[in-house]
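Please read the structure below before turning to the comments.
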Amino acid sequence: MHTIWQTLTLNNIQSLQWRQGSLFWRLLAFLRQWRQGSWLLNWHQEIGAVLLTAVFTLAPFVPNSLTGLLAMACGCYWLLLTLSDDLKPHRFSPIYLLVFLFWGITVMATALSPVKLAAVSGLVKMTLYVFVFVLAERVVRSPRLRSWLIAVYLHTAIIVSIYGVRQKFFGAEALATWVDPNSTTADEVRVYSYLGNPNLLAAYILPAILFSICAVVAWQRWGAKLLAGTMLLVHCACMYWTGCRGAWIGLVLAIFVMAMMVLYWILPRLPQLWQIWVFPLTIGTIVGAVALGILFVAPLRNRALSAFSGHEDSSNSFRLNVWAGVQDMIRKRPVLGIGPGNVAFNQIYPLFQRPNYTALSAYSIYLETLVETGVVGFASLMWLLALIFQQTWVQFHKLRQLQSQDVWWLVGAIASIIGMLMHGFVDTVWYRPEINTLWWLTVAIVASYYRQTTAADTAVSL
């Protein structure tokens, strides 16, 4: 059983030794010589950080096409660095392999799609997102640049959240489709800031809340801690005023996971009595806080209870009818799906939709994955997620043994991943560039700790 688990988690992958015997890599010796003599590429990680800074700074404010161009630049730069790497064997995160496996299955789904040209568009978008991941993973191996990119995102997100808060107090044009006109919350204005959609805004600032909590601890100076605390308050207010139930649920689950990880981190330092009671007390506190909020905050109560109203709520009814049509699509092409992307979805979905329920997506990232890449793609995604969680636990445990303060960004990253996955049960804003780039950043952060903790283990053993 242990051997099977080791195989599933790819723990036997040690190095890229195959490159040493590869004729292709030896033909690229001129690139390695050029890189060794290049003064500029002595700063290769910093240059990568500049490209990623541009992506995360501009993504909420510029057209998606510009974000795509920046992602393409990230991919080209990563390819240059990879082809000019030396031939020394080195360890790399197994997460890499499953990301490329999922991408490869997406290529197969595109090749076999009934709407190939439309699916190519989705494949290109996914490839651009993977480019962001592979460059980000190289860059955030440096703890200094990891902290820099997280700080860039937090400072960008605070601008977005401040504008969202401003909309609450000074008004914003509301679309009827964002609130059930027959509900008690019909008069509530849902803020959307620069992103134009409250659900998209909620998904964007969800990781900001979690990383702000981590920044309060990780940032050393008191001025920085005060800034992180201010960011946290503004983000929480903006999140509440989005009225996004899926993001609220994701945030609660993410905070719960974060609390459990922090308690496990500090457990050995606590007195014996507290070691017994700290987990039940914390769980009770979180459950109690949520219950009190639902009981005594009327708008929160109304939005929360509407999630259980079935077809009586227009938003729920819309999703239930879309999901019924999507299930028919999955049954029609269960193995590799229809191909990736919303363009392919929009060409096939009308053949299965319920009357008067047009949709741009499946409104669930899990159903969307089944539609686009079938059971094969869905299985590879679940394998990837399982590996991400396994790697997080392994690296978290190593950092706990080393008492390394680098742990906080790992906690923030996995909590963000869990929050986005939970939100993804009922929405597909995860596929938008503003959110998907953040998703791949958090995955890159988790993957980057593989090399860091391995190096630390080696140093300790020596």
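Any Cβ shown, glycine's included, is placed from N, Cα and C.
Note that the structure is a prediction, hence the values are computed from the model and not measured.
As recorded in TrEMBL, the features of this protein are as follows:
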DOMAIN    232-381  domain 'O-antigen ligase-related'
TRANSMEM  40-59  transmembrane segment
TRANSMEM  65-83  transmembrane segment
TRANSMEM  95-112  transmembrane segment
TRANSMEM  118-136  transmembrane segment
TRANSMEM  148-165  transmembrane segment
TRANSMEM  201-219  transmembrane segment
TRANSMEM  226-242  transmembrane segment
TRANSMEM  248-267  transmembrane segment
TRANSMEM  274-298  transmembrane segment
TRANSMEM  365-386  transmembrane segment
TRANSMEM  407-426  transmembrane segment
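Long-range contacts of the transmembrane segment (95-112) within its own chain (CB-CB distance under 8 A, at least 6 residues past either end) are made by residues 10, 13, 119-120, 122-123, 126-127, 130, 133-134, 137, 336-340, 372-374, 376-377, 380-381, 383-384, 387-388, 391, 443, 446-447, 450. Between the transmembrane segment (40-59) and the stretches 118-136, 148-165, 201-219, 226-242, 407-426, the greatest number of Cβ pairs separated by less than 8 Å involves 148-165. Highlighted: of the candidate stretches 65-83, 201-219, 274-298, 365-386, 201-219 has the greatest count of Cβ pairs under 8 Å to the transmembrane segment (407-426). The transmembrane segment (148-165) makes no contact with the transmembrane segment (248-267): fewer than 3 of their CB pairs lie within 8 A, with pairs spaced 6 or more apart in sequence. Mean model confidence of the domain 'O-antigen ligase-related' (232-381) amounts to 88 (pLDDT, 0 to 100 scale). Taken residue by residue, the domain 'O-antigen ligase-related' (232-381) breaks down under DSSP into 119 helix, 0 strand, 31 coil.
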